[in-house]
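TrEMBL annotations:
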{"type": "TRANSMEM", "residues": "12-37", "note": "transmembrane segment"}
{"type": "TRANSMEM", "residues": "43-62", "note": "transmembrane segment"}
{"type": "TRANSMEM", "residues": "83-107", "note": "transmembrane segment"}
{"type": "TRANSMEM", "residues": "119-141", "note": "transmembrane segment"}
{"type": "TRANSMEM", "residues": "153-173", "note": "transmembrane segment"}
{"type": "TRANSMEM", "residues": "179-202", "note": "transmembrane segment"}
{"type": "TRANSMEM", "residues": "332-350", "note": "transmembrane segment"}
{"type": "TRANSMEM", "residues": "370-394", "note": "transmembrane segment"}
{"type": "TRANSMEM", "residues": "406-423", "note": "transmembrane segment"}
{"type": "TRANSMEM", "residues": "429-450", "note": "transmembrane segment"}
{"type": "TRANSMEM", "residues": "462-484", "note": "transmembrane segment"}
{"type": "TRANSMEM", "residues": "499-518", "note": "transmembrane segment"}
Amino acid sequence: MGSREVLGQAARLASSGLLLQVLFRLITFVLNAFILRFLSKEIVGIVNVRLTLLYSTTVFLAREAFRRACLSGGAQRDWNQTFNLLWLTVPLGMFWSLLLGWVWLQLLEVPDPNAVPHYGSGVVLFGLSAVVELLGEPFWVLAQAQMFVKLKVIAESLSVILKSVLTAFLVLWSPHWGLYIFSLAQLFYTAVLVLCYVIYFTKLLGSSESTKQQTLPVSRMTDMLPSITRSRAFVNWKEAKLTWSFFKQSFLKQILTEGERYVMTFLNVLNFGDQGVYDIVNNLGSLVARLIFQPIEESFYIFFAKVLERGKDATLQKQEDMAVAATVLESLLKLALLAGLTITIFGFAYSQLALDIYGGVMLSSGSGPVLLRSYCLYVLLLAINGVTECFTFAAMSKEEVDRYNFTMLALSSSFLVLSYLLTQWCGSVGFILANCFNMGIRITQSLCFIHCYYRKSPHRPLAGLCLSPALLGAFALSGGITGISEVLLCCEQGWPARLTHIAVGALCLGMTVGTAFLTETRLIHFVRTQLGVSRLADKTL
């Protein structure tokens, strides 16, 4: 398969993922806004920070390294060895679940049982849900490697929606269940997620006439189970060694990704109520990042991993592949920068209004608006980092990944210290400022790698980080106008004033987007081309 065909598949995966995720996330957004009005800040803090951290840490440590290593394999791999390696995530997840569960029950502060009942059961069920989710790992990796459009998005989105519906039902009908509500909903979510993959592949492998079935490296469901033969090793040792390298990096990346929650959980810098408010704002602020940037990062990581030979110098790569990869990287950087700047500029003027609509006075008063405004700046850095790291991790050799781990180690330590110090100085906003600092360092590392990688080639993909003066002026003007509008019209003057404020923002956004269409013609051509490829491919499926 050529680089342009792989690019078309990646673009189709990303665009389909974006549309479906927007639809499903909007449904979940409305359900969560409804649920929020029946909960206390303390319950939100325990569930969204303490218990979710247990689940995410267990899952991340057990599978992230395996995912990256197994998705980096070539087309000629022995899939039986890959599946054997992936099934090791289950016992590894059980180990992490037991170890972390003991820490959560014995070493951390236990909430007041009168305010937050059934904490112990919540820890057990959230740990169990992590192990259940790992049972679907071989199916997930196979789906990603085959670039099955829509499967991942539909499975995850359907699971989230059903989880939210169950939570809303239990909150209304059995509020005295406390943490049982969210623990059962979490276990239900992971079970549905795994079943979606199992049912899909069962039907696909049972249909001999399916075009997709004929391209799969397996012919029946039992081929994906662990198998031992004397003719070959149990696992591919090259993949296993790469997994170990990614595991060390994943451990550090998890600290950077969830660092503020670790500081909250282990150092008690905020009470459970403040943790709840911070987490709500954090989830609201990261909504766009999860909807837009994450599908793009995941899809184009697969593209770069398939097109580029890992660890091979740019001058030794196929020149057509290098040209396509450089064009794609430049366009993705430009797209990420534009999306991030739009969120940052307009987010500053509409943070308080968004929080007031979503959660009422509990969120729109106090530190909520300042938190969300700070997070808008962080989203800009997230957007750029997602693109730079998806290329960097796809192109790095094993030795370069190991060297990068040492940098991540120093960065993780400094992040934890900086989070603690900034939180003591400026409250929960300190977490976002520390994240911005660390994200800036990670971006710098990736940019240096990309610059060195393309230094001896005629391609300059980092030009994607430069915008035209006219577009920069449009952003600056929009920021000034919407800022004045917020002072004059928002947010205590009733809905007519609020609607006027929204209309002002819509006009400024239209002006900015129009300027982008006129000045960033190469990016517009790239987006239109890939969307056209995506639509054409969808019609042929």
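Backbone N, Cα and C define each Cβ position, glycine as well.
Within its own chain, the transmembrane segment (83-107) is flanked in space by residues 50, 54, 57-59, 61-63, 66, 69-70, 120, 123-124, 127-128, 130-131, 134-135, 137-138, 141, 223-227, 234-236, 239-240, 243, which lie at least six positions past its ends and keep a Cβ under 8 Å from the stretch. Same-chain residues lying 6+ beyond the ends of the transmembrane segment (332-350) with a Cβ under 8 Å from its Cβ atoms: 285, 288, 292-293, 296, 300, 372-373, 375-377, 379-384, 386-388, 461-462, 464-465, 467, 475, 478-479, 482-483, 485-486, 501-502, 505, 508-509, 512, 516, 520, 522-523, 527. For the transmembrane segment (462-484), the neighbouring stretch richest in Cβ pairs under 8 Å, chosen from 43-62, 119-141, 179-202, 429-450, 499-518, is 499-518. Contact between the transmembrane segment (179-202) and the transmembrane segment (429-450) is not supported, since fewer than 3 Cβ pairs fall under 8 Å when only residues 6 or more apart in sequence are counted.
Under 8 Å from some Cβ of the transmembrane segment (429-450) lie the Cβ atoms of residues 256, 259-260, 263, 278, 329, 367, 370-371, 374-375, 377-378, 381-382, 384-385, 388-389, 391-392, 395-396, 400, 404, 407, 411, 414-415, 418-419, 421-423, 461-462, all in the same chain and six or more residues away from its ends. Distant neighbours of the transmembrane segment (43-62): 36, 89, 92-93, 96-97, 100-101, 104, 108, 111, 116, 119, 122-123, 126-127, 129-131, 133-134, 178-179, 182-183, 186, 247, 250-251, 254, 257-258, 261-262, 264-265, 271-280, 283; these residues of the same chain sit at least 6 beyond its ends, with a Cβ under 8 Å from one of its Cβ atoms.
Under 8 Å from some Cβ of the transmembrane segment (119-141) lie the Cβ atoms of residues 46-47, 51-52, 54-55, 58-59, 62-63, 66-67, 70-71, 82-83, 86-87, 89-90, 93-94, 96-98, 100-101, 104-105, 110-111, 113, 152, 179-180, 182-184, 186-187, 189-191, 193-194, 197-198, 200-201, 224, all in the same chain and six or more residues away from its ends.
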